[in-house]
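Here's the structure we're looking at; comments come further down.
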Amino acid sequence: MNLDEVITGVVLAGGKARRMGGADKGLLELDGKPLWRHVADALAPQLATVVISANRHLDIYQASGLKVIPDSIADFPGPLAGMFSVFQQVAGDWFLFCPCDNPCIPHNLVDRLAAQRHGAPVVWVHDGERDHPTIALINRAVEPQLTAYLQAGERRVMIFMRQVGGHAVDFSDCKEAFVNVNTPEELAQWQKRP
């Protein structure tokens, strides 16, 4: 992959946030700004364009000036539906997806994923202990397989990514960058950090 190729960044903010009591997680504030904005601000210097995949409070997200992509599949079917909807509504071949609850992604995320792609259509972050399949660089070439996968009722991200020939990229040297905010207690802990 030529690093000069246009890559669109996508902040995934379309989930139900069950562990957050159903609150729109992307709009919860950390250090005076919404979680989604932390991710968008981290992605912006690394990418040509950033968009938001969201299903609720679209007017609030749209007020940011960024393009907002709602799921084209009803009932919040998960991150793959957000990815599918982005493929349908945004031009380009490459997309860097990142969930809104990862406020500290590294400044070299895109470069590292692209450099370790080795021809795969999908690569995702592995922090040394666990996979983070929603923090992924994905080529549009997987869209037909994604369509079939979703039509079959499947929703599991890791299984899909492995089926299309993807692999993890080691980020164990910056594991702390991939700690996400899933519960009110975790958000409170983030608020207390120095």
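Cβ atoms here come from the backbone N, Cα and C positions, even for glycine.
Whatever TrEMBL says is automated annotation, not expert-curated.
The feature domain 'MobA-like NTP transferase' is assigned by TrEMBL to 9-158. According to DSSP, the domain 'MobA-like NTP transferase' (9-158) comprises 55 helix, 37 strand, 58 coil.
Per TrEMBL, the feature GTP binding site maps to Leu12, Ala13, Gly14, Lys25, Asp71, Asp101.
Within its own chain, Asp101 (GTP binding site) has Lys25, Gly26, Leu35, Asn180, Val181, Asn182 as residues 6 or more apart in sequence whose C-beta sits under 8 angstroms from its own. Among the features that TrEMBL reports, Mg(2+) binding site is placed at Asp101.
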Completion exercise
Fewest C-beta neighbours within 10 angstroms among the binding-site residues Ala13, Asp71 belongs to Asp71
